[in-house]
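Quick notes on the structure that follows.
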C-alpha cells in the first residue's frame with residue numbers, strides 16, 4: 001500500500017516540480033533520514049526483541065535502554081547534518097530552493113520518529129501488528145495529502161513542501177502510538193493479556209528499587225548489533241551512497257533513476273516476492289535441511305523437483321514477457337506517468353534496461369529460495385560471506401560503470417551482481433540433484449514456439465513504437481497499445497499450447513495459494 005501511495009504521489013508531483021527537486025528529496029534527503037533513523041534504533045530493536053535478551057526481562061530496564069535512541073538520534077542528526085550541509089555538493093538554489101532548512105527539518109523528522117521507539121518495541125514484542133499497520137497507513141495518507149496540497153497551492157516553497165510532508169509523517173506515527181497506548185494501558189484488555197505496564201508514566205524512563213537503570217546484558221548485545229549496523233546500512237543503501245558521495249549523477253539524473261527504480265521494483269515486489277515467500281516455506285517443509293537427495297524420501301524430493309521446475313518456468317516466462325514488452329512500451333509508460341520530463345531524457349533507456357534486470361531478479365528469487373531452504377546452517381553462513389563479497393564488489397562496480405554509462409551503469413552493475421548470484425544457485429541446484437533422476441533446471445528452457453512468438457512480438461512492438469509512439473496524439477498511442485495487446489494475446493496462446501505442465505501448476509498450486517492468502 002505504501003509503495004502504491006508513493007507511486008501515485010510521485011506521478012502527481014512530477015507535473016508540478018522539477019526532476020532536480022525530486023532527485024534531492026528522494027535520494028539525498030531520504031538517505032539522510034534513513035541513515036539517521038537506522039543507526040539510532042536498529043541495534044536497539046534487534047537486541048530488545050532478541051530471544052537472547054531473555055523471557056524474564058524487566059520492561060522498565062528495556063524502556064530505559066530504548067529511550068537512549070533519542071539522544072543518540074540527536075547526535076547522529078548533528079553529525080550527519082554537518083556532512084550534508086558543508087561536505088556534500090549544495091544544489092543550485094535557483095533550481096532547488098531551501099536546501100539548508102530542508103536538511104535540518106529532515107534530520108528533525110528522524111529524531112521525532114525516535115520518540116515512538118519504546119512504544120514500537122512494546123507493540124512488536126506483544127504482537128500488536130494492527131497498531132503498526134494503522135499507524136503507518138494514517139501517517140502515509142497524511143504525508144501524501146499535505147504534499148499534494150502544498151505542491152498545488154505553494155509550488156514555490158521548494159523543499160519546504162517535502163520537509164513538511166516528512167514532519168507530518170513522523171508526527172502522525174508518534175501520535176498514533178501514543179494515543180493507542182494511552183487508551184490501552186489500564187484497560188480490561190491489558191489486564192486480560194497481563195500486560196507488564198499499568199500506567200502511561202511507566203513508558204517514561206525511571207529507576208526501580210534494587211535493579212540497575214538498564215539490563216547490561218541487553219546493552220552489550222545492543223553494542224554488538226550496533227557495530228554490524230554500519231555495514232548493513234551501507235549495503236542496503238549502497239546506490240544512494242554512491243550517488244550522494246561520489247557525484248556520479250546530476251541531481252536531475254538521480255531523480256529520474258530513482259523514479260524508474262521505484263517503477264521496476266514495484267513489479268518485482270507485487271509479482272515475484274509473494275511467490276518467493278510462499279514457496280520458500282514449501283521447500284523448507286518438504287526438504288530436510290543439509291541432507292542430500294539420497295538420504296531423503298523420494299516422494300518429497302520428487303515433489304520439490306517438480307515444483308522447482310514449474311516455478312523456474314513460470315518466472316522465466318513472466319520475466320521474458322516483461323523484458324520483451326518493456327522494451328517497446330517504456331517510453332509510453334514514462335510519458336503517461338511523468339510526462340515529457342521522464343520520457344524525453346534518459347528515462348526510457350533506464351526502464352528498458354530495468355525490464356531486462358527484472359528477468360534476472362525473477363530467476364534469482366526462485367533459485368535462492370530453494371537454495372536457502374535446502375542448505376545446512378554451515379552452508380548458509382558461508383554463502384552469507386559470498387553475499388557480502390558480492391555486495392562490496394557491487395558498490396565498486398556501480399561507481400565504475402556509472403562514470404561510464406550514467407544511470408544505466410547502476411542497472412548494469414545490478415545485472416552482473418544478480419547473474420553471479422544466479423550462477424552460484426544454479427551450480428548448487430545442479431549438484432544437489434546430480435545423483436538423481438530429476439532435472440528441475442529444465443524449467444529454464446522455454447518451448448521453441450514460445451521463443452519464436454516472443455521474438456516476433458519484440459520486432460512487431462518495436463516497429464509499432466517507431467511508427468505510433470509517442471508524439472502523434474492519443475489515437476496513435478492507442479494503436480500502439482492495441483498492437484501490444486494482440487502480440488501479448490499470441491504469447492499467452494503459445495504458453496497455453498506448449499507449456500501445459502506450467503498451466504496445470506498455476507491452476508492447481510499457485511492460484512489456490514493466492515486465494516487462501518486473500519480470504
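Glycine residues also receive a Cβ, built from the backbone N, Cα and C atoms like all the rest.
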Checklist outcome for this item: Matching 411-429, 430-448 to TrEMBL annotations, transmembrane segment lands on 411-429
Checklist entry - Can you say which of 65-87, 99-121, 310-329, 349-373, 385-405 has the most Cβ pairs under 8 Å with the transmembrane segment (449-468)? => result 310-329
Item to check | Other parts of the chain folded back onto the transmembrane segment (411-429), taken as Cβ under 8 Å at six or more residues beyond its ends | outcome: 308, 350, 353-354, 356-357, 360-361, 363-364, 367-368, 370-371, 374-375, 383, 386-387, 390-391, 393-394, 397-398, 401-402, 405, 440-441
Checklist outcome for this item: Most Cβ pairs under 8 Å to the transmembrane segment (310-329), of 65-87, 133-154, 160-182, 349-373, 385-405, goes to 349-373
Item to check | CB contact flag for the transmembrane segment (99-121) and the transmembrane segment (65-87), at least three pairs under 8 A | outcome: yes
